[in-house]
Amino acid sequence: MASLIGGSAIQHLAQDIDTNKINHKAKANGPNLAPKSRALDMVSKLEPSRGPVHEHWWDLTSPQLASMLEEAGYPVGRQLEILLFYNHTIPEADSSRNWQSLLPVTVVPLEYSWKWDTACESPEVRLTIEAFGDLSGTRADPLNQAAAIELLHRTKGVLPDLNQTWINHFCSTLFDEDKDKYMEEAQSGTGMRLQSTMLVAFEFGRTSTSTKTYLTPRRLGQQGFARLPEYMPAIQALGPSRALDTLMDFLHTSPEGVELTPFGLSFDNVEPTSSRLKFYFASPNTSYNSLREVLTLGCRISKANFNIEEKIRTIHSLAKALMVAPDNLPDDEHISARAQPQSLSSASDPVTSDIVKERTSLLAGYQYYFDIAPGADLPDIRFYAPIRKELINDRGVAAAVTDWMKAQGRGKFCDNYVRMLEGMAGERGLSKCHGLHSFIGCLIRRDGELDVTSYLLPG
């Protein structure tokens, strides 16, 4: 990233900001009323707008990203690098067309994530973009993949380790070649409507940036999400995977496993031997017993160095707080879902209404991913608790997460997190916001520590 304006230039800018050589004046930032970060102020002065769409993205989202980086404790020089990188990767094509977005947003198709600190690591900020181009939704690119691939091509100059081997593999094996037929299907009403099938994520480490690709398979004639057998030839072509074999055994033999529905894949854009391969599933169930069965793969996973049952109990306590369930909920009882009021959904929008219908089964229960990359004996498993915004506002979500983090002895960045959210909420205030949070994810690491991530939508 330093090559955009030169590494030494970034170092000098960071030193100037840190020593207040630059006369900085805080300004209001549109919907985000928090003062501009010093790094954002400098990047905004250095980088001109590249058109109205770019300006819209930058004005809305750059203050939010800058606040996340600042509150997460990134060094100023790294904040500058990331904001410059983001400025140069913002889509320049209009995404406001009549289009089914993969992301549950109406402002810009983007999702942030805040990976919480651990005993050895500070928080990490990430974002996922649904890119659009002039050809998105046309016969040339009916499933909106070209814009995401072009975005990765543009970043390859500053991310030299970027590798698209698995993108090429999965695009050739999970989709049909005849683009005209996708258009004909959608126009005739015999198939699903056109929608994006690819997202790009950027993970901003303390010293480097990495990328990840999300794919949702789409075959001609497909109705709803692709079924498990449609994934298998593409995954198995990558080579033997004991983790995959274990997962398949669980999916076919466990009462909980047979109820899991696949809905996508993601992988790191690196050499395949170093990449994760995450297989995403949705469950209609939300009981403790269900959670335990999945996170242990039906007792196939056990840990000698820590009490896994205790870890799952701790995760379930967070899920109950987020989903507004009683503390004394019996282990075999599910957290009941309630219909979402129209005032908190987009049911009046016919495009978004279709999306809401398709996602109903996903949002009703828990979600999981299983890392099945070749090489591991057992998959790492991440659990996602959906935020039911009809039951809890974002201040309530923030309180649930931060209280839980403090109870785990991990409260160092809790005040920073709330300040960041308050900036995203702006004048409305967190108590009147429903929907900044989309999910909270938890993974039990191999050392027993809980890896926790908040997923956030633009305010």
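Cβ atoms are placed via backbone N, Cα and C, with glycine included.
Predicted, not measured: the structure shown is a model, and the values here were computed from it.
A sphere of 10 angstroms centred on the C-beta of Glu111 (L-tryptophan binding site) encloses 21 other C-beta atoms. The annotation L-tryptophan binding site is assigned in Swiss-Prot to Val107, Val108, Glu111 on the grounds of similarity to another entry.
Taken from Swiss-Prot, the feature substrate binding site applies to Arg126, Arg276, Lys278, Tyr280, Tyr384, supported by similarity to another entry. Here Tyr384 (substrate binding site) comes close to Tyr366, Gln367, Tyr368, Phe439, Ile440, Gly441, Tyr455: these same-chain residues lie at least six apart in sequence, with C-beta atoms under 8 angstroms from its C-beta.
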* Do me a favour and check the Cα-Cα span between Val108 (L-tryptophan binding site) and Lys278 (substrate binding site); whole Å is fine. => 25
* Asked: What subset of the binding-site residues Arg126, Arg276, Lys278 lies within 10 angstroms of Glu111 (L-tryptophan binding site), using C-alpha positions?
  -> Arg126
* To do: Show which residues of the chain containing Arg276 (substrate binding site), separated from it by at least 6 in sequence, have their CB under 8 Å from its CB.
  => Ser266, Phe267, Asp268, Asp371, Ala373
* Spatial neighbours, same chain, of Lys278 (substrate binding site) - Cβ under 8 Å, 6+ residues apart -> Leu265, Ser266, Phe267, Tyr369, Phe370, Asp371, Ile372, Arg382
* Would you measure the largest Cα separation among Arg126, Arg276, Lys278, Tyr280, Tyr384 for the substrate site and round it to whole Å? => 19
* When a 10 Å sphere is centred on the Cβ of Arg126 (substrate binding site), how many other Cβ atoms does it contain? -> 20
* Structure fact -> For Tyr280 (substrate binding site), the same-chain residues 6+ apart in sequence with C-beta under 8 angstroms from its C-beta are Pro262, Phe263, Gly264, Leu265, Ser266, Gln367, Tyr368, Tyr369
* Asked: Relative to the Cβ position of Val108 (L-tryptophan binding site), how many further Cβ atoms are located within 10 Å?
  -> 20
